[in-house]
Amino acid sequence: MNNVTEFILLGLTHNPELQKFLFVMFLITYLITLAGNLLISVIIFISPALGSPMYLFLSYLSIIDIFYSSSIAPKMIFDLISENNTISFNGCMTQLFTEHFFAAAETILLSVMAYDCYVAICKPLHYATIMTQSMCGFLMVVAGILGFVHGGIQTLFIAQLPFCGPNVIDHFMCDLVPLLELACTDTHTLGPLIAANSGSLCFLIFSILDASYVIILCSLRSHSSEGHLKALSSCASHIFTVILFFVPCSYLYLRPLTSFPTDKAVTVFCTLFTPMLNPLIYTVKNKAVKNVIKKLWKQIMTTDDK
């Protein structure tokens, strides 16, 4: 039986001055996230020079980051200046689904990108025959489907729990642990199963990524010094992105089902700052992307002068 039609979100802080500061900072960060990831996606789609699988996956990652951040950030930002910090039951379930859908899709996509890096370094002569356009499309579809399944399982598990009274969530969003704490039933058995769906996915993919890079680093011994540095440079951005994504993910889901004061800060970092940093990580040392951006900028300036 479910008597709860809406949840009250306590948010990040009750300090009015801090709320105003966070509102401005988070709004700017979110707009940079949208602009940066959209720019990367558009540049890759319109530039023939960035037609390799690596850039195709990067554009897909940017699109996922836009939706992932947008599933949480707008509501969180608006609530900082709103006096009515509530969310309907259906809205809560929708937020839970979209968050886990896009997070899982990104998790799987990062493993696909690691596989692409492995093939490029360890099997360079067979790269063109393995990483075909159809294979890349297939891998991206698989990431989307598995993300959808993961998000659906999490949402169905939570939605069927009875919520009969308490409806105050000590968070700025709907997530597994806060909702399990409000359920009017014993969740000692079901709770770990729900958490394991996220925790096991996080642990499995992170283990696959670790194994991939161990193999890559071992294979680099047979490369020349120049080839060694070039290969490391091509993978460094991906490794940094993996660390930014999986360290917070592991903290949130590879642990007992208990809320901690730091959960809110870690979630903000995951959903707002990591998606903002990803475009910067992949462009700072990427000459191909920077050259395309410079070329497009020159074309725009030339057009304006005319």
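Heads up, the Cβ atoms here are built off N, Cα and C, so glycines get one too.
The disulfide bond feature in Swiss-Prot is assigned to Cys92-Cys174. Around Cys92 (disulfide bond), the C-beta neighbours below 8 angstroms that are at least 6 residues distant in the chain are Glu6, Phe7, Cys174, Leu179.
Within 10 Å of the C-beta atom of Asn3 (N-linked glycosylation site) sit 10 other C-beta atoms, taking all shown protein chains into account. Secondary structure from DSSP puts Asn3 (N-linked glycosylation site) in coil. For Asn3 (among others), the entry in Swiss-Prot reads N-linked glycosylation site, with the evidence type sequence analysis.
What Swiss-Prot lists as N-linked glycosylation site is Asn84 (among others). Within the same chain, no residue at least 6 positions away from Asn84 (N-linked glycosylation site) has a Cβ under 8 Å from its Cβ. In three-state terms derived from DSSP, Asn84 (N-linked glycosylation site) belongs to neither a helical nor a strand segment and is classed as coil.
Among the features that Swiss-Prot reports, topological domain 'Extracellular' is placed at 1-25 (among others), with the record citing a curator's inference. Confidence in the topological domain 'Extracellular' (1-25), given as mean pLDDT, stands at 87.
Sequence-remote contacts of a segment are chain residues at least 6 beyond its ends whose Cβ falls under 8 Å from one of its Cβ atoms, and for the topological domain 'Extracellular' (69-100) they are 2, 4-12, 19-20, 22-23, 26-27, 30, 33-34, 147, 150-152, 154-155, 158-159, 163, 172-176, 179, 198, 267-268, 271-272, 275-276. Annotation comment: Swiss-Prot describes 69-100 (among others) as topological domain 'Extracellular'.
The feature topological domain 'Cytoplasmic' is assigned by Swiss-Prot to 122-137 (among others), with a curator's inference given as support. Among residues of the same chain six or more beyond the topological domain 'Cytoplasmic' (122-137), those with a C-beta under 8 A of the stretch's C-beta atoms are 53, 56-57, 116, 215-216, 219.
Annotation source Swiss-Prot lists topological domain 'Extracellular' at 159-199 (among others), citing a curator's inference.
Annotation comment: Swiss-Prot describes 221-233 (among others) as topological domain 'Cytoplasmic'.
Annotation source Swiss-Prot lists topological domain 'Extracellular' at 255-263 (among others).
What Swiss-Prot records for 285-306 (among others) is topological domain 'Cytoplasmic', and it gives a curator's inference as the kind of evidence.
Residues or ranges marked as transmembrane segment in Swiss-Prot (evidence: sequence analysis): 26-46 (among others).
The transmembrane segment annotation in Swiss-Prot covers 48-68 (among others) and is backed by sequence analysis. Long-range neighbours of the transmembrane segment (48-68) within the same chain, counting only residues 6 or more positions beyond its ends whose Cβ lies under 8 Å from a Cβ of the stretch, are 33-34, 36-38, 40-41, 98-99, 102-103, 105-106, 109-110, 112-113, 116-117, 120, 131, 136, 140, 143, 234, 241, 271, 274-275, 278-279, 282, 288-289, 291-292.
The transmembrane segment annotation in Swiss-Prot covers 101-121 (among others). Counting only same-chain residues 6+ beyond the ends of the transmembrane segment (101-121), those with a CB under 8 A from a CB of the stretch are 53-54, 57-58, 60-61, 64-65, 67-68, 71, 127, 130-131, 139-140, 142-144, 146-148, 150-152, 201-202, 205, 208-209, 212-213, 215-216, 219-220, 223, 231, 234-235, 238, 241-242, 245-246, 249, 270.
Outside the transmembrane segment (138-158) by six or more residues, the chain places 56-57, 60, 93, 96-109, 112, 115, 176, 179-180, 190, 193-194, 197-198, 201 with a CB less than 8 A from a CB of the stretch. As annotated by Swiss-Prot, transmembrane segment applies to 138-158 (among others).
According to Swiss-Prot, the feature transmembrane segment maps to 200-220 (among others).
Same-chain residues lying 6 or more positions outside the transmembrane segment (234-254) and placing a CB less than 8 Å from one of its CB atoms are 54, 61, 103, 106-107, 110, 113-114, 117, 120-121, 195, 198-199, 202-203, 205-206, 209, 213, 216, 263, 266-267, 269-270, 274, 277-278, 281-282, 285-286. Here Swiss-Prot flags 234-254 (among others) as transmembrane segment.
A sphere of 10 angstroms centred on the C-beta of Cys174 (disulfide bond) encloses 24 other C-beta atoms. Within its own chain, the topological domain 'Extracellular' (1-25) is flanked in space by residues 76-77, 79-81, 85-89, 92, 162-165, 167-174, 182, 264, 268, which lie at least six positions past its ends and keep a Cβ under 8 Å from the stretch. Here the transmembrane segment (200-220) has long-range neighbours at 104, 107-108, 110-111, 114-115, 117-118, 121-122, 150, 227-228, 231-232, 235, 239, 242, 246, 249-250, 253-254, meaning same-chain residues at least 6 beyond its ends whose C-beta is under 8 angstroms from one of its own.
Taken through DSSP, the topological domain 'Cytoplasmic' (122-137) splits into 13 helix, 0 strand, 3 coil.
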